[in-house]
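Peer 1: Provided herewith is a single structure, encoded as structure tokens, for subsequent inquiry.
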Amino acid sequence: MDKLKKCLLLCTFFLEFASGFYLPGSFPHKYYVGDQLSVKVNSLTSIDTELPYGYYSLPFCKPLEGVKDSAENLGELLMGDRIENSPYRFKMHVNESELFLCQTNALSVDESKVLKERIDDMYQVNLNLDNLPAIRYMNKDGFFLRWTGYPVGIKVKDVYYVFNHLKFTVLVHKYEKTNTMPGVIGAGDGVELITTDDKSVIDTPAYMVVGFEVVPCSFQHNIDLLKNLKRYEKYTAPIKCEPGTVAGAIQEGKPLVYSYEVNFVESDIKWPSRWDAYLKMEGAKVHWFSILNSMMVITFLAGIVLIIFLRTIRRDLARYEELDKEAQAQINEELSGWKLVVGDVFRIPENSELLSMMVADGCRILGMAVVTILFAALGFMSPASRGTLITGMLLFYMFLGIIAGYVAVWLMKTLNAGNTNGWLSISWRVSCFGPGIAFLILTVLNFLLWGSHSTGAIPFTTYIVLLLLWFCISMPLTLIGGFIGSKAPHLEYPCRSNQIPREIPSNRFPTWVLVIGAGTLPFGTLFIELFFIMSSIWLGRVYYVFGFLLVVLILLVVVCAEVSLVLTYMHLCMEDWRWWWKSFFASGSVAIYIFFYSVNYLVFDLKSLSGPVSAMLYLGYSLLMALAVMLATGAIGFLTSFFFVHRLFSSVKID
């Protein structure tokens, strides 16, 4: 009986522990009535450029205790996501109105000019409470729109107005503890199971924040009423401020006055559903259409691949069966195709080391994408935990250096017919290839950010952290992977290469045109999802449909493999044995269309781009994304074609 009690005690404890398990960044915080709520402020961002500036670079009210940075992870630092304390203070479930915040000094010429520039660029103020961004609802042309943050101000008939009065609405849900926490008293055989029954704790109401809304408006305060007024005291006159009216004009030599009000509303929204307002699925049919479109492309290409393999099998069987003269004549005629390049098809390609490095880094990027999207789809990298997605991508990329080293050395060993000389050199170079390109592009862009005084610039200390991750984690793992690859058995060629290369017949049109054009099929698989990703990055929208993205990624891998296989077979049939690089770019050329799409997005969707610096930043990040996609998709195409060619010439006996 005592053992049974102990088992019940342990089972109850683990069930209670399981019921309290939450994913990282998603643990609820309960507040009692009157508890202090801290409102954080993010950097100013433009809805068109997402180029951040410091919130306190404008004449806003500062906290009495001074500006302090909140703890930030590596992903937030890389994205320029600066979180600082704000002067706004709330008390849980205490409604307050007409609160005076502060009065600034008289605006100088420069302050007035900068403030007007931020209004022209449509910069947004980003506030968050309990890890929830402030959300703003509005009706425009019959459409119900949701925006995170609120604009700095507005321009009406060549007059600039600042939004200096904020109406906050905090949605709260009453904390309900359905289970009582078991406790243990006694020792040895006297263990007993008890429950907590503290009336003072149970009767004290507690609440969780499930919504944070803001309505900005412009109000002309009476400065004479502010002489003896202290911060957070009630304004002596009623503030009647509506979003559709403006009054607080920006004038040089005159101060700005800020005020706010807060209203707490109990809501039926439960804590696990509090992000639904931000993640409300729109365009689900579009996502399904994208998947259906990809399935049609895959089916079409699969039919072509099936025909290729059926023809290959038929040719192979015809060599060993007794056929009539007509069939023999057909065999002789077919021998003018891919079988004639048997002595050159495995000839080592030009710049083989560069090809090995690109394929190896592409495998690492592909592995990083699969693991990151899988974790995000499972909820471990939700938008509620800022910066975890970028941090996870970076760490996965670093740790997957072992795969890059293995693939690079194994591929070079195979190309050199088992020669392992120089494996350390190729491992060293592949550890510097991908990270070096990314580091170079980020450094150039960072100088532009520093020059524009943007908070999106990567701090120097973060640069040191990135270098330590590169040289202390990624590089050693890549070298370890290269050592393992040097010991792994290589793939032996089924036929030898001739000493003299075979002359390639001339074609009516350059074969590279066909290779570049093949990238349209993979691009057709992902361009719809690409629009949502671009909107998430540059328009401040939250991307969360990682399940769809995982399916699209799988379909993209299949399409890239099929496209490269078909193009490689076509080149071999044209007696073109230089298939190595073409198989890589047959699927990797999708990066060209992604970059062109980015330019199109810049011209038509980011019409109000503020200045050439923002355009250069946008194009720089787009180039980095296109290069990463090229390496990943190119690696898929090359490895598929490589194993296909090896299998093709291994299964057919060549006289």
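Glycine is no exception: its Cβ is also placed from the backbone N, Cα and C atoms.
Annotations in TrEMBL come from automatic prediction, not curation.
Fair warning: this is a prediction, and the values are worked out from it, not measured in the lab.
Sharing the features that TrEMBL gives for it:
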SIGNAL    1-20  signal peptide
TRANSMEM  288-310  transmembrane segment
TRANSMEM  365-384  transmembrane segment
TRANSMEM  390-411  transmembrane segment
TRANSMEM  432-451  transmembrane segment
TRANSMEM  463-484  transmembrane segment
TRANSMEM  512-538  transmembrane segment
TRANSMEM  544-567  transmembrane segment
TRANSMEM  579-599  transmembrane segment
TRANSMEM  619-645  transmembrane segment
Peer 1: With pairs 6 or more apart in sequence, are the transmembrane segment (432-451) and the transmembrane segment (619-645) linked by at least 3 Cβ pairs under 8 Å?
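Peer 2: Answer yes: the transmembrane segment (432-451) meets the transmembrane segment (619-645) with 3 or more Cβ pairs below 8 Å.
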Peer 1: Which sequence-distant residues neighbour the transmembrane segment (365-384)? Criterion: at least 6 residues beyond either end, Cβ under 8 Å.
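Peer 2: Residues 23-26, 131, 275, 278-279, 392-393, 396-397, 400, 403, 434, 542-544, 546-547, 549-550, 553, 557, 628, 631-632, 635-636.
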Peer 1: For the transmembrane segment (463-484), what are the same-chain contacts with Cβ under 8 Å, counting residues 6+ beyond its ends?
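Peer 2: Cβ under 8 Å, 6 or more out: 74, 394-395, 397-399, 401-409, 423-424, 426-428, 430-432, 435, 439.
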